[in-house]
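To start, the structure under review is shown below, and the notes come after it.
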Amino acid sequence: MNIQVLPEHKLSSVAPLKQFNVEKKEVELILVKEQNGVQYTNSSVVASPSSRGCTPGSGEDVARETWGKKMDFLLSVIGFAVDLANVWRFPYLCYKNGGGAFLIPYVLFLFIAGMPLFYMELALGQYNREGAATVWKICPVFKGVGYTVIIIALYVGFYYNVIIAWSLYYLFVSLTSELPWLKCNNPWNSPNCTEPQHINGTVLGNRTSYAKRGVLHIHESRGIGDLGLPRWELALCLIVVVFILYFSLWKGVKSSGKVVYVTATMPYIVLLVLLIRGITLPGAMNGIRAYLHIDLKKSQIPTQIFYSLGAGFGVLIAFASYNKFENNCYRDAILTSTINCVTSFFSGFAIFSVLGYMAHQHQVNVKDVATEAGLVFIIYPEAISTLPGSTFFAIVFFIMLLTLGIDSSMGGMEAVITGLSDDFKILKRNRKLFTFIVAFGTFLIALLCITNGGIYVLTLLDKYAAGTSILFGVLIESIGVAWFYGVDRFSEDIERMTGFKPGIYWRLCWKFVSPTFLLFVVIASIVTSGELRYDDYVFPPWSNMVGWFIALSSMLCVPIYAIYKFLILPGTFKERIVYCITPEHEHHMVTEGNVRQFKVRQCIRYKYNYILLIFI
């Protein structure tokens, strides 16, 4: 064995972008082996025993804010993951895509993609204690994907807060002895309106929708090119929502961690009440049977699992970054992801029991009342209005929708605030002002969604802002962690936190199964992307171009930042590549004399970057 010591003057001109804090360190023994004529080193600088257990990086992590209680974190994650889609989109998708047959691929992809990625993001945030952008100190060239997920979270806030404002508006108008959508004497009713007690078997849909004409005023817009002015009633509700979000987030997780005790638990109480009432209604079992009816021909790939669990929005990384270093993130991932999926399935019983009753009342099939667009704000309120004590059930139902939306929106906004604050320290020092700017900025853009044609803007954003782009973000994220940072090294990080390494199942999913599945889903979502429509309205071609521009504005952050990172670095071509893919805490190991040796060592130890190794 030959021993080689590199002199100080051989240190590379490629230096870390930021200096490490000076603290007592121990230098591991430098071993230089020779294999097939090539020398490679294995050395690192580690913290002294007194500082072990801390994450690699600056000493600033020691002073980072943490959750007041473990339950604050768990409820925040559950509250974010369990959102309006659990009672709005999942039951409909389950019914539409084969009922009970849909649950088979749903559970399968939950275990091979949903849970592994959920676990990965929690561990990534907790170990590095950084937001979605700066967490990529583990592989600097991938920092662009951090900006991608932050932008996506911001885009979602533009229209998601509008849906919460709808819930708040419905709650306000329900505070009356007679619900406003019961009668046909309103100025917004059309001539063919039919009151519920006079239906007598008429075809469902003969009544004018309160949601479309009374709330959204769609009839006053000709399409996305004819928006009109914002509705003042919805604008006031949107202001209330924005202020709730601001005062829940302005002090960080210390304040938001307390709000979720109400917003994350209330939906379960309401769902239980609605389920108990729903199953006692005539026709309820017909709705439940339709919900669970197995039709293998309709079963499709359940991409809903990603939107439901919330991976890829940067929220899980942000929330986990405020955990204590030794927290058992593995147990948290299993617990919270399971609760989320069980909630989605459970909510279907509460929803479809009432839809079965509604179909019974109108003497039609369940398929005639189970529509995605009208499930929450049209059909369900109408069904509630025919029940004894309708005002009470309407109030509790819209309180549930309000709380479901608030904590999910809090999570998305926290991802933006934490992600950018960790990257730009001036924002962290002025968190209250920055939180207000983010909240007020989302309010201004959301005004487009509460105009007469606002539903078309909302539909456009819902389709493109977090569709293909979020799947793309999760794909790049998984590749960056599993193939460039390395599954073995990532597993060692988890072992430092929890005391045990992830099993072979998780490592295989992270490295092979999940990225392959995500790649397939991304390609499929692009190929199958058809024309955009809302009910019978077909969006003009220019609006689809605007939609793809919105999607690309977040996805292009990945290649743009990678190119920018490579161009600004000093040194040779080889040194730039190595520096871009090397974790910041290992940059001291890259010197002019051992660039190739360093890559060989990385390849042998962590078994990644084969193509780059050959290229260099």
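Glycine too: its Cβ is placed from the backbone N, Cα and C atoms.
Per TrEMBL, the features are as follows:
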TRANSMEM  73-91  transmembrane segment
BINDING   G79, A81, V82, N86, S308, N340, L404, D407, S408  Na(+) binding site
TRANSMEM  103-124  transmembrane segment
TRANSMEM  145-172  transmembrane segment
DISULFID  C184-C193  disulfide bond
TRANSMEM  229-247  transmembrane segment
TRANSMEM  259-285  transmembrane segment
TRANSMEM  305-322  transmembrane segment
TRANSMEM  334-358  transmembrane segment
TRANSMEM  378-404  transmembrane segment
TRANSMEM  433-458  transmembrane segment
TRANSMEM  464-487  transmembrane segment
TRANSMEM  508-527  transmembrane segment
TRANSMEM  547-567  transmembrane segment
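Same-chain residues lying 6+ beyond the ends of the transmembrane segment (433-458) with a Cβ under 8 Å from its Cβ atoms: 154, 157-159, 161-163, 165, 216-218, 220-231, 234-235, 238-239, 242-243, 245-246, 249-250, 413, 416-417, 420-421, 427, 534, 537, 539, 543.
The Na(+) site, placed at the center of the C-beta atoms of G79, A81, V82, N86, S308, N340, L404, D407, S408, has further neighbours from the same chain whose C-beta lies within 8 angstroms: I78, F80, D83, A85, A264, P267, G310, T343. Listed stretches 73-91, 145-172, 229-247, 259-285 were compared with the transmembrane segment (378-404); the greatest number of C-beta pairs under 8 angstroms is found for 259-285. Residues of the same chain lying 6 or more positions beyond the ends of the transmembrane segment (103-124) and with a Cβ under 8 Å from any Cβ of it are 77, 94, 135, 138, 299-302, 304-306, 308-312, 316-317, 319-320, 329-330, 332-334, 336-337, 341, 345, 474, 477-478, 481, 490, 493-494, 497, 502, 506, 509-510, 513-514, 517-518. If one looks beyond the transmembrane segment (464-487) by at least 6 residues along the same chain, the residues whose Cβ comes under 8 Å of a Cβ in the stretch are 117, 120-121, 124, 136, 138-139, 141-142, 145, 148-149, 152, 155-156, 158-159, 303, 306-307, 311-313, 507, 510-511, 514-515, 518-519, 521-522, 525-526, 529, 547-548, 550-552, 554-555, 558, 581, 583, 602, 606-609. The listed stretches are 145-172, 305-322, 334-358, 508-527; of these, 334-358 has the most Cβ pairs under 8 Å to the transmembrane segment (73-91). Here the transmembrane segment (334-358) sits apart from the transmembrane segment (508-527); fewer than 3 CB pairs are under 8 Å, leaving out pairs fewer than 6 apart in sequence. Rounded to a whole number, the distance between the Cα atoms of C184 (disulfide bond) and S308 (Na(+) binding site) is 38 Å.
Residues 71-72, 75-76, 78-79, 82, 87, 248, 343, 346-347, 349-350, 353-354, 356-361, 387, 393, 396-397, 399-400, 403-404, 406-407, 410 of the same chain lie 6 or more positions beyond the ends of the transmembrane segment (259-285) yet place their CB under 8 Å from a CB of it. C184 (disulfide bond) sits 31 Å from L404 (Na(+) binding site), taking the C-alpha atoms as the reference points. Here C193 (disulfide bond) is positioned 36 angstrom away from V82 (Na(+) binding site), judged by their C-alpha atoms. A distance of 32 Å separates the Cα atom of L404 (Na(+) binding site) from that of C193 (disulfide bond).
For the pair C193 (disulfide bond) and S408 (Na(+) binding site), the C-alpha distance works out to 36 angstrom.
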